[in-house]
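In what follows, a structure is listed as structure tokens, so that the remarks can point back to it.
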Amino acid sequence: MTQDEQKRAVAQAALQYVPTGEIIGIGTGSTANLFIDELAKIKHRIEGAVASSEVTANRLKQHGIEVLDLNSVGELPVYIDGADEITRNMHMIKGGGGALTREKIVAAVARKFICIADQSKLVKVLGKFPLPVEVIPMARSYVAREITLLGGQPAWRQGFTTDNGNIILDVHNLNIMNPVELETALNQIAGVVTNGLFARRAANVLLMGTDQGVETITV
């Protein structure tokens, strides 16, 4: 299968994790978009969705799926989203699309995190993909200096503003051997909203597209 075919296959496979009569959380990105397109075929089975970005909310609305504010719902049964990188320990780098903070919030509320990805996203060690860090604008230079002390090379994603009105620093040249530790350390820097490491709240299930079909991986 091509990469696009793998993405479509995992998007379809994720439908089996959608509970009837519930509200679900949905991520942001190309694979999440394909999942939304598949979800539209069974939209009558769910009560609605909580979106992790304005882009996702708009796509859901285009399909006639009700979008709910997270503050109006309680715990979500499932959150379905892609990843920029993922290990077999279910640790991820996310946020290539800049929606990492809202993705992390919605994932935290969900009982189960289903990651959908093609096989190119599976890695042994995180860090080849630049790690996004969402930062309060006035703290950009300070945070960049602090990240440099941690061994990273931050690059300002110029011209991009998050849905929360903040900026993104993409951190290059990290060899992330301890994702939980680094996630915590980065989040302790004053001015950092959050970073794209999803290690403290890792995925529960990975649906990975391969040449042979969809492989289900759990820890």
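Numbers run from 1 along the shown chain.
Cβ coordinates come from backbone N, Cα and C, glycine included.
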So Swiss-Prot lists T28, G29, S30, T31, D81, G82, A83, D84, K94, G95, G96, G97 for substrate; which of K121, K124, K128 goes with them?
K121
Cβ neighbour count (10 Å, all chains) around K121 (substrate binding site) is 24
E103 (active site, proton acceptor) to K121 (substrate binding site), Cα to Cα, whole Å, comes out at 18
Is G96 (substrate binding site) helix, strand or coil when read with DSSP?
coil
